[in-house]
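K.L.:
So that we are looking at the same thing, I have put the structure below in structure tokens.
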């Protein structure tokens, strides 16, 4: 009986998809190139293209470099969710985003593996250290209850953006009545965006609610210009990133090291910003141009040499005996792990919890890529590479 009710709910939510997407007029820039649906928990690859969290994860090889579905550029690291873009999409398309959340959660329940969940209030406060602790605590609580609803407005790392968020928790998916799913969606929408705008979200006015404060550079705190996303998910203006000569690029927000050379501009987000904020974007272009001209050659040389070196090293390492086939790092996203691999002995999730040698030695505090209940006191074991995936 419960399975029949669940199936009925899913059919009703799926039937809402077309109506929601039409009423909210979703831009083609925010359609995932893999699943061809509205981006959900968006991940920006080093090549600048965007896909959903699960679309990227399912496309990763696990035995060698993975190639972007659009441009075929190879990559070895699974980037973190881009919170800036996540909250942008949530604000613009709340009904469709909620619909994607519900369907995704249903799939995650069946597989027994869950995507990241983070505290929205802490994210909006911009307190990075508190965010790590809050996420770890929330992960520990929520993973023990797979039936709890995913918090659409809760993730890791992000720029500050003040907003009034719900003071009471929203009920889980199992509490939704099959007879009134739209009413429940509307109630959640009204709570999340309360007092943020006078226009009803999801109407033709949705883009009018987006302000420059929703799309600020993590460094200069101005409207993003030629945005690039680091592996950690934070977004910068291309000209705001300074690449160290003798060490890896480090995010100024979360202090995570970025593997490889400078990422490419996310053109879809860049085009959106130019269309949505034409005057502000033109001013940013004028203000940024001299800086780009001065450092253009050095920056390009640094990017090319670093990226080429990273790709050559990773390609050369793929065939060595130090490759852990089918295993990814739960901090930097390297998949497969090349070199030392440390496996948590206390995490009970079937997907496990693993760290690369560099991430293990950096004493990272963030929990896993898949919302594992990893705790700082857990013990690790150095693992040897398997000769095959089936071993």
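In case you wondered, yes, glycine gets a Cβ from its N, Cα and C as well.
From TrEMBL, for reference:
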COMPBIAS  133-155  compositional bias 'Polar residues'
COMPBIAS  298-313  compositional bias 'Basic and acidic residues'
DOMAIN    32-71  domain 'RING-type'
DOMAIN    217-254  domain 'RING-type'
REGION    129-186  region 'Disordered'
REGION    295-315  region 'Disordered'
K.L.:
What is the pLDDT of the domain 'RING-type' (32-71) when averaged and given as a whole number?
P.N.:
90
K.L.:
With helix taken as DSSP H, G or I, strand as E or B and everything else coil, how many residues of the domain 'RING-type' (32-71) land in each class?
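P.N.:
Summed over the domain 'RING-type' (32-71), the classes give 7 helix, 9 strand, 24 coil.
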K.L.:
What are the DSSP helix/strand/coil residue counts across the domain 'RING-type' (217-254)?
P.N.:
3 helix, 9 strand, 26 coil
